[in-house]
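Please read the structure below before turning to the comments.
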Amino acid sequence: MDCRHGRVLFRARSQDTKARYEFVVWDPMTGNERRVPLPDMSLICFTATVLCAAEGCDHHGCKGQGGPFRVAVISTTRTRVTKATAACLYSSESGLWSELTTVDNLDASGQNTIMTSIIVDNALYFNSIGNHIVKYQLATLDLSLFKKPIRCGGELITTEDGGLGFASLNYITLTLWSRETSPDGAMGWAQHRVIHLVKLLPHSALLTLSVPYIISAHVFMDGIQVIFLGAYFSVYMVELKSGRSRKVLEQLGKIMDIFPYASFCIPAMEAASTGQGQ
Ligand SMILES: [Zn+2]
């Protein structure tokens, strides 16, 4: 379901006979895995994300093995009388889920409307199929919604200065937006850059029968922001700052999401720092 800070999050069949499913937080470098029970909330339409919770960690080498982590779950529910988004947060240190936080969401439907997430300034931002972005403040667990810069489509990104951004694609025109504070103190979107894909992708990727689409956007540990574009049966990774791109996958089906993974494991240095080994 997600991948961040050296960990991968799955939903899996539960080993507990009382529950059907549970989360598994897995560190691919060590094989270490932790099982997390599902929270007590409606999980018909939901997504979940994992993040490192080590105090002071710069996330350049998170200790997936045994390090503290959080799992955030966000779901949408729609009944005859309510349309709402709800969220709660799991702490590996306490082994408990937080109280549920809810907010009215007129975009809520019977579909899984909440999609990928991004962390900016200790808040999780979730993209959705609808017209809103959901903000989940990790310190206070406040939940709120605000509008995207355009209707539907697009992906959340981080701006070059680490703020919240948004990338939208209209055929071959990629537009980057940044969330900014206006002089009167109101938050809003500002158009930051417009890039034509002819400058990013080879001509063969932009044949007329192919409509490029954004698969996902990610920030690597060194702060490099990339987006993955699907175009003419291939997937291209585009580095937004430099404009460099390369084909990373050829495939016939439509890929809906990509979770790049990066981590480090240096056992000799680890042993030396803890006074073990040679
Ligand atoms: Zn970390």
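Note: Cβ is positioned from N, Cα and C throughout, glycine not excepted.
Mean per-residue pLDDT, taken over the domain 'F-box protein AT5G49610-like beta-propeller' (1-261), amounts to 84. The domain 'F-box protein AT5G49610-like beta-propeller' annotation in TrEMBL covers 1-261.
Look at TrEMBL and you will find 213-238 tagged as transmembrane segment. Remote same-chain partners of the transmembrane segment (213-238), defined as residues 6 or more beyond its termini with a Cβ less than 8 Å from a stretch Cβ, comprise 59-60, 116, 118, 153-158, 160, 162, 167-169, 174, 197, 200-201, 204-207, 244-252, 254-260, 262.
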